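I have placed the structure first, in the form of structure tokens, so that the comments after it can refer back to it.
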Amino acid sequence: MGDEKRPLVLRKNFGQYGSVVENGHGTDGLNVRRPVYQLEDLNRDTEYETPHTTFTEKCGKKIKEIRPLSCVLNSIPVLKWLPRYSCRKNFLGDLISGITVAIMHIPQGMAYGLLGSVPPVVGIYMAFFPVLIYFLFGTSRHVSIGTFAIVCLMTGKVVNQYSSIEILQNGTVVTTPSPNLELPLYTNVEVATTVTFTVAMIQLMMYSLRLGVVSTLLSETLVNGFTCASAFHVVSSQLKDLFGLPIKKRRGNFGFPLTIYDSVMALPNANRYACAISAVACVLLILNNELFKPMLAKRTRIPFPIELVAVVLGTTASYFLNLDSEYGISVVGHIPTGFPTATPPAFSLIPTVFVDSFVITMVSYTVTMSMALIFARKLMYEVDSNQELLALGFSNTMGSFFACMPVTASLSRSMIQQAVGGVTQIASIVSCSILLVILLWIGPLFESLPRCVLASIIVVALKGMLFQCQSIVKYWKLSKWDALVWIVTFSTTLFIQIGYGLAAGVAVSLLSVFIQGYKPYTCLLGVVPNTDLYLDIKRYKKAQEIPGIKIFRYSGGLSFASRAAFKDLLSRKIGFEPTSLLRKRTRLEESASRSVSDDYDDLLTRCIILDFSALTFVDPSGVDQLRQLQSDYAKLDIALYIAACSGPVYEKFVICDQEEGIESKFMIFPTIHDAVLFAQMTEENECELDGMFRMLAPVLDLSRVAGVDRVGFEHMWWDHMMGNSSENN
């Protein structure tokens, strides 16, 4: 087609041809008349300018935005909302909510303390010390901070792996060989508090780096599969207490299947009295949750404290019937009164538990943020993801010095705290006040509580998570990739180890994003008659392809990783691959078996338009790929145009050309319609030029007299057109 840049001259005269974009029919439609633009001309006419801010200007802007008082209020949110707190409107709801949540904290805290392989009273500590800190620094008004089954289980796995000294409730010290002979001997509480401190340091580091958005790496599908598999781990860990089985805790990989195997083998030696108590407790809890709770919800928002009732009944029966000594049922044992002594964690153990702590950090933060965002959207207020990291980091730092495991938001308690009328974190202060009484005076009353009752509470509470396995059907219907993420996460977590399951889920999620981006949506576009609308011809049957023009839409990014896929997809849609045709032409020229032009007379495509309206980004490798394609198509006498690219993509083209010292040959148009009109006008002029050359060449004998071939004649024609244009101007 001659010099690729010469048609630019023709655009200046398009206005006189009356190029029109018409939508609709008759007077009811919208008629638009304007010149056909190339993007560089449109940019010049509209004074396009790349946004640019120097580093100094950015720093100056940030410094000007600093407001010391605002920083303090944002870092300690309680100073912002507490002065505006209305006791008359909100205190009654917070009081009822705090009492209700405190009642739930007692059985859950003791049960989940056992789940973490630490004394049950640790669960009460977790509902007191960290909650006071979260009250000061948290931004969510309704989450209930404290124990959470999955996080406690994950901490318990680390405790079982690295602790060698277990202090039983009756004061007995049990020592087991350390899995790593190079490590000193640690108690179960020391390992747990070290994990808590490490989690706190990771959270504070993430806050400093403003990494609150990192929780988005854990998709809903991944979290669903992970929590479902973790719930099965929780159940398996409670089989020993649930049935009174004489089995040991399994360490390391494949803990779930090995625990199930040990439990099945030990069933003949199960304590039948523990089985009976567990059955009664489970039946009562299930009946309340499935029958009485829905009926009661119609009359009052305050739920019936069935877990606390089960704890009180179990404790009373055990105390009067001597279930421990008479029937061999394991009980909670000694519960100390007062506050624990502030003790620093085992800092030398931090490098050993860092990886496990990082996994616990991700899970606890994701769960907390999920619950916080649910309430924020429902009740129309804002939560700060980075501030939540600071609040959790300080809360866990406090907890690590007072025998606490890592804390997070509880799904069940948070829902209850909001449902019964809680408005602010004042409800947490009310809850802490009640738990303070438990810690100082009432705790020892629960020393005779059977552990099988706590195991029953844990198992029944996990019913919803266990039934999440049904979600695979929904995910399979919605997206096969989501289903794959769920299956890999669930299987790895369940059968290998919890930490590996989360890592495998994140890896598969990122892989699915990469693969789906590697093969993006592409299609050929056709025009809707009498409009400037260009639609997918496979989906819109009335959209018609324009003869001689192929319009290729590409969605996604064009980079070093996707350049080969882009070329392959383009060739498939267009119907031929340019380099293959060029190689074939070379072979034919060498063999001289036939006229080369005969192979290309039936190649109907004369122009390819790349619709880049959905192109998200392009890198230098992608630009180089486009240059190569343009060169190959030009050798086949096919024009390659780019349409509707975004400003950043256009700027990348310009930067690559400038840095490499290459004169840009890309013809870029602001819309597809501009590119189509330009291609049609160029084709008409090409036909006119070809006809004039064929008519004048024999008469003037141009090739003999002036050494002018077809391309030289075209240059003369464009020069003639430029001269006429200048005279007219």
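Including glycine, each Cβ sits where the backbone N, Cα and C put it.
Model, not experiment: these values are computed from the prediction.
Remote same-chain partners of the transmembrane segment (91-112), defined as residues 6 or more beyond its termini with a Cβ less than 8 Å from a stretch Cβ, comprise 120-124, 126-127, 144, 146-149, 152, 302-303, 305, 307-308, 310-311, 332, 410, 412-413, 416-418, 420-424, 426-435, 438, 446, 449, 454-455, 457-458, 461. Annotation source TrEMBL lists transmembrane segment at 91-112 (among others).
Remote same-chain partners of the transmembrane segment (118-137), defined as residues 6 or more beyond its termini with a Cβ less than 8 Å from a stretch Cβ, comprise 75-78, 102, 105-106, 108-112, 145-147, 152, 156, 159, 167, 169, 188-189, 192, 332, 335-336, 340, 387, 390-392, 394-399, 402-405, 407, 425, 428-429, 431-432, 435-436, 438-439, 443, 446, 454. Look at TrEMBL and you will find 118-137 (among others) tagged as transmembrane segment.
TrEMBL lists 211-235 (among others) with the feature transmembrane segment. Away from its own ends, the transmembrane segment (211-235) comes close to residues 115, 149-150, 153-154, 255-256, 362-363, 365-367, 369-370, 384-386, 388-389, 458-459, 462, 465-466, 468-469, 471, 475, 482, 485-491, 493-494, 498, 501-502, 505-506, 509-510 of its chain (Cβ-Cβ under 8 Å, at least six residues beyond either end).
According to TrEMBL, the feature transmembrane segment maps to 270-292 (among others). Outside the transmembrane segment (270-292) by six or more residues, the chain places 241-245, 304, 306-307, 310, 314, 323, 327-330, 450, 452-453, 455-457, 459-460, 463 with a CB less than 8 A from a CB of the stretch.
According to TrEMBL, the feature transmembrane segment maps to 304-321 (among others). Within the chain carrying the transmembrane segment (304-321), a Cβ under 8 angstroms from the stretch's Cβ atoms is held by residues 100, 103-104, 106-108, 110, 277, 281, 284-285, 288-289, 292-293, 296, 327, 329, 331, 445-446, 448-450, 453-454, 456-457, 461, all 6 or more beyond its ends.
What TrEMBL lists as transmembrane segment is 358-377 (among others).
TrEMBL lists 389-411 (among others) with the feature transmembrane segment.
Residues or ranges marked as transmembrane segment by TrEMBL: 423-446 (among others).
The transmembrane segment annotation in TrEMBL covers 453-473 (among others).
The transmembrane segment annotation in TrEMBL covers 485-515 (among others).
Mean pLDDT, taken over the domain 'STAS' (539-679), works out to 87 on the 0 to 100 scale. Taken from TrEMBL, the feature domain 'STAS' applies to 539-679.
Long-range contacts of the transmembrane segment (453-473) within its own chain (CB-CB distance under 8 A, at least 6 residues past either end) are made by residues 107-108, 110-112, 114-115, 120, 149, 224-225, 227-228, 230-232, 234-235, 238, 241-242, 277-278, 281-282, 285-286, 289, 307, 310-311, 314, 332, 412, 483, 486-487, 490.
Counting residues 6+ beyond its ends, the transmembrane segment (358-377) has Cβ neighbours under 8 Å at 139-143, 145, 148, 150-151, 154-155, 158, 195, 199, 202-203, 206, 212, 214-215, 217-218, 223, 226, 383, 385, 388-389, 392, 406-409, 411, 414, 418, 498-499, 502-503 in the same chain. Here the transmembrane segment (423-446) has long-range neighbours at 78, 81, 85, 89-91, 93-95, 97-99, 101-103, 105-106, 110, 120-121, 124-125, 127-128, 131-132, 134-135, 138, 140-141, 144-145, 311, 315, 332, 334-339, 417, meaning same-chain residues at least 6 beyond its ends whose C-beta is under 8 angstroms from one of its own.
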